[in-house]
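Below is one structure; the comments refer to it alone.
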């Protein structure tokens, strides 16, 4: 099969790095800029605001609890349904004019401190206060450092502007009851288990495909040697369809990826996300059709079509099977792009993403451990910098902001795999960036190619232990994710030391590190390119 564009892997390597972060979604995190003080030491928690209008259940909104006041009830069955009243005056900076007897007050943000609003509402007899933000986002309600008398006895919840407006509209429909509670997230969600299996399975399939392609190339080369033909010299990225990464590319990766990430961060908007969706769809078409053609080619029914070619302008020789499959791939990708906001669109995104990663790992190759170590080490530093250290420069994690698409109305950028959290009361998605699968996958695929070329068993080779190392590193990532209360983690922080460390330790122990580091291929017995001269078959004679 002819490959349409061999510069695609290089572009995809950059795009893969743009979302190299594992995250559990839209949870509210702790904030060092809002320190805890006596009377104002609550953890920031998300709060469900369930509503009933004239005793009929209506919408549910999500807000965030304040640093001050009592903790909000965890379980829904223990939370009371309480009448909601619109405060008058609306800012609740002065005592309300109406009688409040255990009701919940709905107030507007502004004109005084959050703590002042809560104290005023409590003095009037309110059981809780819901504050409507003046922006379409959640905001952390904190206390000032010089506040001392903070013995506030009612909970306070902040709603984003759109949710607050909807709640105000409900009040015009009749009596409104609300219920406030903040359920805990499960320690481990099944979405993380499936995401782990998806990542490991993707690398497994891609590695075997890469190794099979390498074996076929070696067999063809040996045939040419035995027949006494010269082996054609194929440049990297030539007609073989394979691209080898060199040291310069491995190091340049960090620079280029960082530039793209900054561009995304600065230009993140609706139109820019649309551009990323188009790029992802183009890559998805390439990945999906490559994988489908490879699978269908295994069948005798489709093999003749896969081995028959036609010349297509710009693309060169293309098999009939590719021409037959391509329209389906284009339609699939376009439909995902159009309907990507639907609840089940994540399935199409994951299919396109997995086939894209598998295709890139099959095309792009690490020639030796030296290049693999350089690439992953650079990605390791890159990931840590843009997840953690970038906060010091930009006051927020650039990588996480880009991955979640915080500055857009999109649910994250498309360059990641995602699965909805199934048993999480807050919903959302568990995500993993392409880079967390693709970059380590290149090293694991190199391990399997080396094992097959050296005719190593599964246990005596490097592939099995590389897979175990990757799976363990990703598992530790999710453990850290849960320990950090769902805060996005740079997965390569854990994966790279596991994979590179395992490779170096095994290579050193087996005495093969030098060969792995430079050659990337096992020692082979040299074969003659020309048959040796035939010995004379004439009978020997001796004269005495």
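Don't overthink the numbers, they just go from 1 along the chain as shown.
Just so it is clear, glycine is given a Cβ too, placed from its N, Cα and C backbone atoms.
The domain 'PA' annotation in TrEMBL covers 89-167.
Residues or ranges marked as signal peptide by TrEMBL: 1-24.
The feature transmembrane segment is assigned by TrEMBL to 245-265 (among others).
The transmembrane segment annotation in TrEMBL covers 271-296 (among others).
Annotation comment: TrEMBL describes 317-338 (among others) as transmembrane segment.
Sequence annotations record features per position, and here TrEMBL assigns transmembrane segment to 344-364 (among others). Counting residues 6+ beyond its ends, the transmembrane segment (344-364) has Cβ neighbours under 8 Å at 3, 6, 8-9, 12-13, 16, 198, 202-203, 205-207, 209-210, 213, 241-245, 280-281, 283-284, 286-288, 290-291, 332-333, 335-336, 414-420, 429, 434, 437-438, 441-442, 445 in the same chain.
If you look at the transmembrane segment (371-389), the same-chain residues 6 or more away from its ends with a CB under 8 A from one of its CBs are 17, 20-21, 245-247, 250-251, 253-254, 257-258, 261, 397-400, 435, 439-440, 442-443, 446, 488-493, 496-497, 499-500, 503-504. If you look up TrEMBL, you'll see 371-389 (among others) marked as transmembrane segment.
Look at TrEMBL and you will find 426-450 (among others) tagged as transmembrane segment.
Beyond the ends of the transmembrane segment (462-481), by six or more residues, the same chain brings 22-24, 188, 192, 196, 199-200, 203-204, 207, 436, 440-441, 443-444, 447-448, 450-451, 456, 487-489, 491, 493-499, 501-503, 506-507, 516 to within a C-beta distance below 8 angstroms of the stretch. The transmembrane segment annotation in TrEMBL covers 462-481 (among others).
The transmembrane segment annotation in TrEMBL covers 487-506 (among others). Within the chain, the transmembrane segment (487-506) has long-range Cβ neighbours (under 8 A, six or more residues past its boundaries) at 20-24, 27, 29, 369, 372-373, 376-377, 379-380, 382-384, 386-388, 397, 399-400, 403-404, 432-433, 435-436, 439-440, 443-444, 447, 462, 465-466, 468-470, 472-474, 476-477, 480-481, 513, 516.
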Across the domain 'PA' (89-167), what are the DSSP residue counts per state (helix, strand, coil)?
17 helix, 14 strand, 48 coil
In the same chain, residues at least 6 away from the ends of the transmembrane segment (317-338) whose Cβ sits under 8 Å of its Cβ atoms read 1-2, 4, 277-278, 281-282, 284-285, 288-289, 292-293, 296-297, 302, 305-311, 345, 348-349, 351-352
